[in-house]
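Participant: Take a look at the following structure, please.
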Amino acid sequence: MNDLIFLVVSSMLFSIGLVGAVIHRSAVRVMISLEIMFNGVLLALLTLSKYFNPLGGSILALYAIALSSVEVGLLISVFILLYRRSKSLDVYEIVGLGE
Amino acid sequence: MSLPEFSLVYVLAAGTVAVIAAILSVKAREDFYSAILLGIVGLAIASLIALLGFPYVGIFQALVYVGATVMFVIMGVVFIGRGMVSEKKMALPGVLVAVLVFFSVLQILVSPLAQQVTTVNTALSLEGLLKVFSENLLAFFYLSLALLALLLAGISIARGETNE
């Protein structure tokens, strides 16, 4: 029953983040929604790893948290550069970066 | 593994905080408040992870995720300022999609638990962490190198160092 609570919370976080990522147009808000999804997935990973492989799940979670930190740093850098370049972070207006 | 009764209250409280903060983060008008609420989600998840029986992962989540990642986001939002992106309100379709995704994801997550009944109780301890680190030194070295390269790439991109 207790583990079901963890899985319900992780599913809710995943679905809330997915909706946020789909409905927002600002790239920063999309990234924040993806981070909410990441939190839900992390909780599900650890909840399920408790039954199958706790040590492996813990190590995978540590890697995932560290990589998420780097990913966010990189994305924020890209967003700052994009904003300097096009004065907008609307995901529908960011075009022509390959030119 | 069943938690003691007093822990159940903490689990319910942390879960409620996480979900409410996530909803408010998605619905917030300002990016800054959205980032702050993401930090609250991270803290609630860290406490849930600790209550789940992984205290070191919970501490790592609180220190690295909330301390670094969310700070990155907040600093970025402050640097960018108001992005001036007009958002369309899509409340009803959003809620419908969220409910559908919630039930499907929950079904996927619960199905392995229905087949598995035994619990392996060998969560990560400090000794286990040090053992893993010493046995996989090369892997940690490569990962550190990759993280450093990514950070340098991010700094380089943010400074606009292109070939032009």
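Glycine residues also receive a Cβ, built from the backbone N, Cα and C atoms like all the rest.
For A:6-23, A:30-48, A:60-83, the entry in TrEMBL reads transmembrane segment.
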Participant: What same-chain residues lie close to the transmembrane segment (A:30-48): Cβ under 8 Å, and 6 or more beyond its ends?
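Facilitator: Distant contacts of the transmembrane segment (A:30-48): 3, 6-7, 9-14, 16-21, 24, 57-58, 60-61, 64-65, 68, 72, 75-76, 79, 91.
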Participant: Counting only residues 6+ away from its ends, which parts of the chain sit with a Cβ under 8 Å from the transmembrane segment (A:60-83)?
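Facilitator: For the transmembrane segment (A:60-83), the list is 27-28, 31, 35, 38, 42, 45-46, 49, 89, 94.
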